[in-house]
Structures are given as C-alpha cells and as structure tokens.
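S.K.: Would you mind keeping the following structure in view while I ask a few things?
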Amino acid sequence: MVSNKLSPEDVKARAGELDFPGSVLEFLEGMMGQPFGGFPEPLRSDALRGRRKLDARPGLSLEPVDFVKVKRELGKKFGGPVTETDIASYVMYPKVFEDYKKFVQRFGDLSVLPTKYFLSKPEIGEEFHVELEKGKVLILKLLAVGPLSENTGQPQSMVPKSMVDEPQQATQDRTTEPSKSTPEPIVYSISQHYIHSYHIPQEPAEPQQQPVQVQEPQRRSSEPPQSDQLTPE
C-alpha cells in the first residue's frame, strides 16, 4: 500500500485487479485460521478470484503427511543428513525451504557471516573476521570490486596479479629446501559475491650471522721479559 500509494478505500475498490502477495492470499483463504468476526466481504472474494475458501480449521482439510517419505525424498534431492527441522520446514514452507537449500548449495553456509556483511558489501580496504568453527577464523579484506559481467550483470571476481605470480616464484625457489614447521599465512581477496583464498609461501629466513669476536692485542711491557735461566756474569 505504501509503495503503490494506495489507501484502504483503493484496496477495497480494486481488490479484483491488485496483485496481492501469496501470504495475503493464504490468509484470506483461511490457511491461518479465522479472524474474529470473519473475513470482510466482498474484499475476500474479489481478492481470491475463485480460489478456495476455508471456513473451518485448516488442518481438517490437510492430507496426512508421511514424514519418513519426506525425509527420504529430501535426502535424495539435496543430499547430506536431513534433520527433523528440515522436514518440518519443508512440510510447512516447501518453496521457501527449497530456495534456501539451493542457496546453501551454491554459496555454502553463510550463517557464519556477520549480518552486516551478509546484507551488504564491506567498504574497499575494510577488514573483518569470520569464525568458521572454534579455533578457525578467516581474516577477510575487500581489495577491489571487479567490473560487471556482461552475462550475469554481477561484479566479476578479481585476483591481484601479485598474489598469483609471486607465490609461484617463491615456491620454485624453495623446491630444494626442507619444509618449514611454521604455517604459511593465507591472504584472502573478496569481491561483492565471491571469496578467494591464496596460500602465500613465506620467504625462508636468512641465517643470522654470528658476531665476530675481535680480540684486542696484548699490550707490550717496557720491561725486558723475565727468564728463569741465569745468565753468566
């Protein structure tokens, strides 16, 4: 009503031609129960345009659900373990659940992202942390946003050239050296929709040179050296 600048009177008068959300139509059908005093007419009939009307408890008209069958079908369709929450979500909101699973299959579990960065991209140069699990934290930084793709209209993924060439050269230089026990750092680059990680090998530390000790020359005494032998008179 707000975006289309409609008043309550406009909605009542144009109910037969307005495109109502699915949740509103389900409410007018009676899928969420009966409001006190019933549904207003002719608003209800005009908005439903011939769709069913429930005047009793919605559950009375629903077919029994085979939860075992639903679990098996979800496992085949999406793979992985199927929880009771998944089953209940699919039974009540099948389309919403399917869209959610497809999103997770494409982008992974993004529930670990801070809400701010899930809803909008960070600023250029901004750094933030993502805890994948206990003891495993990613440090992400937005370096740049690529140009828009002609096919998808989304920003393209960008890989800084220095992150590609330098690690390969460093790896070639270290093929003959023994492996180091110190873990190598990981540098992350994130575009608006994609995250990339690059393992950057560390340059071997130069051996520290031991300081050269310089001994000071012994001072010469002005007296002649003493001798234990007696000289002839």
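The first residue you see is number 1, and the count goes up from there.
Cβ coordinates are placed from backbone N, Cα and C, and glycine is handled just like the others.
Worth saying up front: this structure is predicted, and the values here are computed from it rather than measured.
What TrEMBL records for this protein is below:
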type	residues	note
DOMAIN	1-140	domain 'Carboxylase conserved'
COMPBIAS	150-159	compositional bias 'Polar residues'
REGION	150-233	region 'Disordered'
COMPBIAS	168-182	compositional bias 'Polar residues'
COMPBIAS	201-216	compositional bias 'Low complexity'
COMPBIAS	223-233	compositional bias 'Polar residues'
S.K.: Give me the DSSP three-state residue breakdown of the domain 'Carboxylase conserved' (1-140), ordered helix, strand, coil.
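M.R.: Helix, strand, coil within the domain 'Carboxylase conserved' (1-140): 67 helix, 12 strand, 61 coil.
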S.K.: How many helix, strand and coil residues does the compositional bias 'Polar residues' (150-159) contain under DSSP?
M.R.: 0 helix, 1 strand, 9 coil
S.K.: Could you please provide the mean pLDDT value for the domain 'Carboxylase conserved' (1-140)?
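M.R.: The answer is 87, the mean pLDDT of the model over that range.
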